[in-house]
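Please read the structure below before turning to the comments.
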Amino acid sequence: MSASAEAQRLLPRPLLVVLTALLCAIVLVPVLYIVLASLNSDVGVASGEFWPSSFSLHSYSRIWTTADLSNGILNSLIVCGVTAVASALLGTTTAYVLVRYSFRGRLTILRGLVGLQSIPGTLMLLPVFVLFSSAGNYLGLTVVGTRWGLFVAYLTFALPFSTWVMVTYLRGLPRELEEAARTEGASTLVILRRIIFPLSLPAIVVSGIFAFLLGWNDVLFATVLTRPETHTAAVALSIFGSAQEGGALPVYSQMMAASLVCAAPVVILYLIFQRYLVGGLTAGGVK
Amino acid sequence: MTTLIRPPDKTAPKQQRRRGVTERQRPLWLLTPGGVLMILIVLIPLALALWISLIDLDQYSLRRWIEAPFIGFANYTESFSSGLLHSIWISVSFAVLSTVATVPIGIAAALVTQNAYRGRGLVRAIFLIPYVLPSFVVSTVWRTMLQPDGIVNKVLGDGSTLWLSGPRAYWTLVLVEIWAAWPFIYLMALAGLQSVDHEVHEASAVDGATWWPKLYKVILPYLRGPVLLACLLATLNHINNFTLPFVLFGAPAPDNVNVMPMLVYVTSFQSLRFGLSAAMAVVSLILVAIPLFIYLRAVRLDVHDEGGRR
């Protein structure tokens with residue numbers, strides 16, 4: 001046992017210890033600074049303290065009034081949540097047909113799904129913005145600045161991505177159950193609802209979470225397509241940066257506290273679904 | 001060329017057709033909700049982006065873009081005289097530098113977490129932190145730390161170094177991107193390491209290989225495939241990264257960090273030259289198309305070629 005473990009060893013022990021410590025330090029020192037700074041006061045952070053002279057949760061209570069952070073987080077949760085559900089469900093249905101049936105153009109669609117994930121966001125945003133702003137003129141609709149406008153914009157990325165995640169999952173799913181159900185006379189919809197959806201629930205959740213994160217982490221679309229009432233968490237956080245320019249004192253400590261609050265939902269999702277998400281990361285290949 | 005390589009494909013669909021319960025009742029209508037939506041929100045906007053790049057669209061004609069004058073390739077010629085080549089160079093060098101720098105870090109991290117020991121789970125979780133943190137949070141935090149009166153200068157004992165403007169801005173961008181992006185290489189390298197068979201370790205132990213020759217000659221070749229794939233994807237992500245330069249430096253960005261996404265953003269949403277910026281965005285699409293094309297070749301797309309019933 002220990003001999004085989006010894007055989008599997010890749011690095012000599014001292015090197016392993018040094019490398020691990022170094023890598024952990026590279027990651028943890030900035031993270032530690034964020035936490036400490038968020039527990040410090042704005043004055044303390046601005047004067048360049050690493051270790052706060054006094055700890056307090058003051059910054060965590062003040063961030064909600066400095067910027068409309070709660071509204072931003074709420075907007076993010078709503079828009080990204082709806083995006084996640086819509087793209088996971090539609091993506092599963094589409095992926096099922098793509099995986100199980102062959103038809104002309106299937107390979108093109110698969111290529112497109114992968115390719116779309118690498119399209120520059122700016123290229124996608126431009127026409128979406130032009131369509132949205134002219135919708136008022138041509139159709140009498142207000143789209144720019146609304147939550148559902150942002151939702152549609154996020155779908156442009158989330159839908160192809162969720163579909164691709166489901167394609168990679170469903171092609172590993174054995175067909176025997178479906179075929180048995182089909183000989184029993186089950187229709188495709190019944191098979192989808194009774195077999196595919198329950199069996200692939202973990203993957204559906206993962207594809208939904210990825211869609212959620214695409215939206216939550218977005219700055220580009222949210223900056224252009226929202227107005228103050230519909231600001232997302234990312235845009236609300238950027239307001240802390242500009243808050244420093246007007247006032248005499250930069251609100252660094254609050255900025256760190258708000259950063260941690262904005263990161264919290266993502267970190268929690270990862271902690272809960274770590275095993276599935278890491279697998280999905282390498283399969284999908286996109287953050 | 002492709003037909004020469006794969007003659008069996010021609011017979012496969014026929015067999016399938018004869019066999020096929022599944023073939024006759026293909027529920028292709030299930031594609032309609034997802035398909036129609038993708039045509040509406042992806043293909044039409046993409047086509048429109050191409051069209052916008054050929055018209056003279058600014059803030060005055062924005063709401064009536066159908067009537068905007070067609071000017072052919074004038075936007076493209078103008079974009080080359082408005083700093084496009086400079087931005088392409090910044091983007092590509094930034095992306096390649098970041099990728100090259102993250103590869104050894106990622107592989108090292110995968111190697112140190114491959115062998116089980118107490119606390120490995122914690123170390124693995126720590127390694128994922130930079131990747132899990134939203135990009136806008138990472139950028140905000142580094143922006144704060146790199147202020148002239150920020151913690152970095154305090155630690156270095158020098159209150160005058162400028163990180164967010166001036167000649168160092170470019171290296172700030174690269175360094176922060178490296179900090180945020182190396183775990184992706186780490187994850188892909190880890191997946192590659194797990195494909196190394198038990199026997200391989202045993203065999204090299206029997207041969208009495210010391211760690212470096214074993215690592216270099218036996219283990220690393222296993223990682224070549226996954227890490228190359230990771231490099232392609234990472235480079236694509238670096239080129240398309242808008243959040244990091246935008247939050248670190250603000251818009252308009254200093255000239256030496258004016259990457260493609262920033263250039264397109266500023267041209268469209270600050271200078272309000274939508275036609276011009278569409279032309280720039282289309283050029284940046286061509287830029288990512290090269291690594292993307294290689295990636296599409298490498299990634300396994302067709303599901304019907306593998307196991308399972310035809």
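Cβ from N, Cα, C; glycine included.
Features as listed in TrEMBL:
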type: TRANSMEM; residues: A:15-36; note: transmembrane segment
type: TRANSMEM; residues: A:73-99; note: transmembrane segment
type: DOMAIN; residues: A:73-273; note: domain 'ABC transmembrane type-1'
type: TRANSMEM; residues: A:119-139; note: transmembrane segment
type: TRANSMEM; residues: A:151-170; note: transmembrane segment
type: TRANSMEM; residues: A:191-216; note: transmembrane segment
type: TRANSMEM; residues: A:251-273; note: transmembrane segment
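Within the same chain, residues 76, 79-81, 83-85, 87-89, 91-93, 96, 154, 157-159, 161-163, 165-166, 169-170, 173, 177-178, 181-182, 232-234, 265-266, 269, 273, 276-277, 279-280, 284, 286-287 sit at least 6 positions outside the transmembrane segment (A:191-216) and bring their C-beta atoms closer than 8 Å to a C-beta of that stretch. With a threshold of 8 Å between CB atoms, the same-chain residues lying at least 6 positions outside the transmembrane segment (A:151-170) that come near it are 79-80, 82-84, 86-88, 90-92, 94-96, 98-100, 110, 112-114, 116-117, 121, 124-125, 128, 132, 143, 196, 200, 203-204, 206-208, 210-211, 214-215, 218, 221, 225, 280, 283-284, 286. Sequence-distant contacts of the transmembrane segment (A:73-99), counting only residues of its own chain at least 6 positions beyond either end whose CB sits under 8 Å from a CB of the stretch, comprise 106, 109-110, 147, 150-151, 154-155, 158-159, 161-167, 169-171, 192, 196-197, 200, 204-205, 207-209, 211-216, 226, 230-234, 236, 261-262, 265.
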